[in-house]
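Each remark here refers to the structure printed beneath this line.
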Amino acid sequence: MSTLTAAAIEAPKIEYGELAPMLLVFGAAIIGVLVEAFTPRYLRKSIQMPITILSMVGALALTIWQGAQGVRNAAAMGAVAVDGPSLFIWGAILLLAIVSVLLINDDDQFVAQAAAVPGSAEEDQAISEGGAHTEIYPLVLFAVGGMMLFPASNDLLIMFVALEVMSLPLYLLCGLARRRRLLSQEAAMKYFLLGAFSSAFFLYGTALLYGFAGSVDLSAIDKALATVGGQDTLLYMGAATLGVGLLFKIGAAPFQAWKPDVYQGSPTPITALMASGTLIAAFGALLRVFWVALGNLDTQWTPVLWGVAILTMIVGAVLAITQTDIKRMLAYSSIAHTGFLLTAVVATGKEAQNVNALSGILFYLVTYGFATVGAFAVVTMIRDAGGEAGHLSRWAGLGKRSPALAGIFALFLLAFAGIPLTSGFFGKYAVFAPAVAAGGVGLVIVGVVTSAMAAFFYVRVIVLMFFSDPAPEGPTIALPSMGTAAVVTLAAAATVVLGVFPQPVLDLAHSAAQSLFVR
Amino acid sequence: MPWLSILMGVPVVGALAVAAVPKGSDKLAKQLTLGVSLVVLVLTLAMAAQFDRSGARYQFSEVHDWIPSFGVHYAVAVDGIALVLIALAVVLVPIVVLASWHDADRPEAKRSVKTYFALILVLEAMMIGVFAATDVFLFYVFFEAMLIPMYFMIGSYGGAQRSYAAVKFLLYSLFGGLLMLVAVIALYAIAAKGTFLQPELLGAIKDPTTQKWLFLGFFIAFAVKAPVWPFHTWLPDAAAQAPAGAAVLLVGVLDKVGTYGMLRFCLELFPDAAKFFTPLILTLSVIGIVYGAIVAIGQTDMKRLIAYTSISHFGFITMGVFAMSADAGAGATLYMVNHGFSTGALFLLAGFLINRRGSQYIADYGGVQKVAPVLAGTFLVAGLSSLSLPGLSTFVSEFLVLIGTFENYVVPAVIALSGMVLAAVYILWMYQRMMGGPVQESVKALPDLNLREKFVVAPLIALLVVFGFFPKPLLDVVNPAVHQTLTTVHAPQFTPAIPVTAEKKGAGQ
């Protein structure tokens, strides 16, 4: 009895300072929920918007400050890793999330009354009353908080919690498109079901690995690889199912099926957030699991990821060619880019090699994130009677109607295609170079062949915009709100600057990757 | 003085200025473009005057770190080969601008005129950059980036099939370029020198198998660009659909990047592999010479015909590059320059004809020499330069290539000679069908060249004639650089069986 006295339990030590960026975002999210509960409807937006932006700007400032301090630590009893890669990823996610929130601020994208049946009288009434869901802001903050925790978790259970905190708000947000609501609701449903399925895989993998290692801590699993014998079945099953859960989140083939539907159905600002933030977060988590926990098992998983990378690149590039909807095309393009990124995930080796591969991935994620947010921001501006003009044929002759906008969109497409003097070229170089150095020439050849295929469908859109005659009743170009205009300008500037002077960001990525992941 | 940076900077600034010209003042945009391109020409001549022929190989060198993490430098410099090619580009640009004066403002086109001229200036900066780059990565950046302005020039301002031709052009080049990217990355990784500077990478790859693979990566990209048979199929479409001015820059300068790349990168970086693949490449070149010429004879569209003649001429150039003798190398380099002037004149004159008659089919013309004698006469001179008539500069280069190839490889040189005969067929027969015979009804009112057009053609004809009789200035600049290239490659030099006591070689030396 006396052995169980309180003296045996120590309060866990939490480094609140190091976790402050995340705590700030989560705190703001909770305040946002309270605002929804206690303030009158007409005031909500003008309160939510500043809270959202300011909290994320504050979190970004804290992240930068920590980066400058050189914080490298496994905080909260080793459960959350606040190391170079985490800080870099936090910075990138926060920047892209701030940019996406500027797009979300555009009311016209979101449903007036989500509970009203599409096409019903209630819906008409909600629209005429000017209803709006300001819950979007706290939901976005929760999702962003989850995105920050996911790649920083140093423990499989925390990672699972983060996965859910990130995903659940996104499931909801996907279903809130103002127009083509059935498509949006279908997207949300599909995303939820498939996401739940993949979460189950993730959890099952966690349980199996716990069975193998006796711990859910990533570094403990790593240690167990060397000491535990005779449990290989548990290990391989666990690694495989965990891998399925993570590959689903990055949208690698054969787990990519959700991406086109969800990207197409979601409100475009949410698509922008998912295409940039979620991808970055999921890659961070994938790297941490495979490099930290299963780092010494790489001879086993490298061939599998080789196959996955090749399949992902081919599926993304081939299926994108057949698309006629701009958002679906960008979704398949995102799948192809996931494949390009995976070429560097398997490029492991000595420490210097790992640093190069990691910094390449980090740099690529930033370049791709900005270009993709910019591209979706342009998509929100091309509209016709039924909302956004998604069908590619509607984009014909846009270059004559609005040369500046079409020119900027062409810039993003050229960046996706990896043409020199755009950010995408150095991104591709940054991941392909370590892949070649690690002996993945075959993988890189597949990468460049699929890049050439991918260039075909990017170029096709440019042909449509610039070389075709405008459709007689072509779409209108919405006058951009301040936010949207700022997003497009920023993304275009980032694409050009990172394509000409990538060195500062490369240095940043390199110094973030220098210490690799804390264990 | 950072000459080369200034040469690139002036057109870029000029392009921005042209793009900023307010709507409606197209004439100002054109004048501005012409002015900028003339300034670049003057600056280039001033730079060339200071080039020391007996000095260091690379001159006007500038090296700055660009992306230290990747070992990439902003490194530019010129040797004789690069210098004459830059000169070719900057001479052609003002001529093309003047020739394209009304190309972009056809009323049915509804295209932005100033954009076309701004694109020409952007392209000019990139053409200078690609020949001046001494950093492999920087070269690659220009090599790929210059596709984009050309893509828009063909796609936005070309003929009826323009978007098909533009996409085909871009995808072929991009595909070759991406294979080269793999080779560029592998070169960096395997050489492990931490730098992309070409002079430092010389001899860095020792393993013969590695050399062969990397060589292929570079060569395929250059072969698509040049284009070497069987990678040529994009060229007739692109050249036929491009506006005449863009076609001149495409065939006259952009394609030379391919043959220049073979000389500068394939040969110097991978000498053993180059020797290994020489028989194959000479075979392809000879096939290209004969195939291009025969197919050219069968063409009904004059722009396609000129494009096919270029495929034949590019066969001569690649043959000269890989024959590995001093004469052939100098001849190939000279050929690149002369072919630019000769084909440029042909394309521009064809463009004038098409503008007048509204058709690019040979059958739609007849008896033009009676109604437009100056047009027909200059067309004949340009055509004769294409078939390498002695006295015109192309003869010197073709002769040097054939002699140089004969020194090392007799059979290819003999077969290639047939290309000269076929050239006479395709050029003279085209001239006869279009310019000779009875005057066709549709060309009765065909006006002769106006003053602007005469100013376009005159310098080209003058250059062809002057360098035909006096190629020494060009050869003096080119020869040391070719010699140094062959020294890097360790090519055995030809010594005549019977020692010559008099002047060593034929024309110009």
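From the backbone N, Cα and C atoms, a Cβ is placed for every residue, glycine too.
Automatic, uncurated: that is what TrEMBL annotation is.
According to TrEMBL, the protein carries these features:
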- A:153-453: domain 'NADH:quinone oxidoreductase/Mrp antiporter transmembrane' (DOMAIN)
- A:20-39: transmembrane segment (TRANSMEM)
- A:51-67: transmembrane segment (TRANSMEM)
- A:87-104: transmembrane segment (TRANSMEM)
- A:136-152: transmembrane segment (TRANSMEM)
- A:158-179: transmembrane segment (TRANSMEM)
- A:191-213: transmembrane segment (TRANSMEM)
- A:233-258: transmembrane segment (TRANSMEM)
- A:270-291: transmembrane segment (TRANSMEM)
- A:303-322: transmembrane segment (TRANSMEM)
- A:403-426: transmembrane segment (TRANSMEM)
- A:432-465: transmembrane segment (TRANSMEM)
- A:477-501: transmembrane segment (TRANSMEM)
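Taking pairs at least six residues apart, the transmembrane segment (A:20-39) and the transmembrane segment (A:270-291) share fewer than three Cβ pairs below 8 Å and do not count as touching. Most Cβ pairs under 8 Å with the transmembrane segment (A:303-322) belong to A:233-258, among the candidate stretches A:51-67, A:87-104, A:158-179, A:233-258.
For the transmembrane segment (A:270-291), the list of distant contacts is 81, 85-86, 89, 92-93, 96-97, 99-100, 103-104, 140, 143-144, 146-148, 150-154, 156, 159, 162-163, 166, 170, 173-174, 176, 218, 242-243, 246-247, 249-251, 262-263, 298, 301, 305, 327, 330-331, 334, 338, 341, 345, 348, 354, 358, 361, 365, 368-370, 372-373, 376-377, 516-517: same-chain residues at least six beyond its ends, Cβ to Cβ under 8 Å. Counting residues 6+ beyond its ends, the transmembrane segment (A:477-501) has Cβ neighbours under 8 Å at 99-100, 102-103, 105-106, 366-367, 370-371, 373-375, 377-378, 380-383, 401-402, 405, 408, 411-412, 415, 420-427 in the same chain.
With a cut-off of 8 Å between Cβ atoms, the residues of this chain six or more beyond the transmembrane segment (A:87-104) that come close are 21-22, 49, 52-53, 56-57, 59-60, 63-64, 66-67, 71, 110, 136-137, 140, 144, 147-148, 151-152, 267-270, 272-273, 276-277, 280-281, 284, 362, 365-366, 369-370, 373, 376-377, 380, 483-484, 486-487, 490-491, 508-509, 512-513.
Long-range contacts of the transmembrane segment (A:51-67) within its own chain (CB-CB distance under 8 A, at least 6 residues past either end) are made by residues 18, 20-22, 24-25, 27-28, 31-32, 35, 82, 84, 87-88, 90-91, 94-95, 97-98, 101, 137-138, 140-141, 144, 148, 512. Recorded stretches compared: A:136-152, A:233-258, A:403-426, A:432-465; the one with the most Cβ pairs under 8 Å to the transmembrane segment (A:158-179) is A:136-152. If you look at the transmembrane segment (A:432-465), the same-chain residues 6 or more away from its ends with a CB under 8 A from one of its CBs are 306, 309-310, 313-314, 316-318, 320-321, 323, 326, 329, 333, 336, 339-340, 343-344, 346-349, 353, 356-357, 360, 392-393, 395-399, 406, 409-410, 413-414, 416-418. A Cβ distance under 8 Å defines the sequence-distant neighbours of the transmembrane segment (A:233-258), meaning residues of its chain 6+ beyond its ends; these are 156, 163, 190-191, 194-195, 197-199, 201-209, 211-212, 225, 278-279, 282-283, 285-286, 289-290, 294, 297, 300-301, 304, 308-309, 311-312, 314-316, 334-335, 338-339, 341-342.
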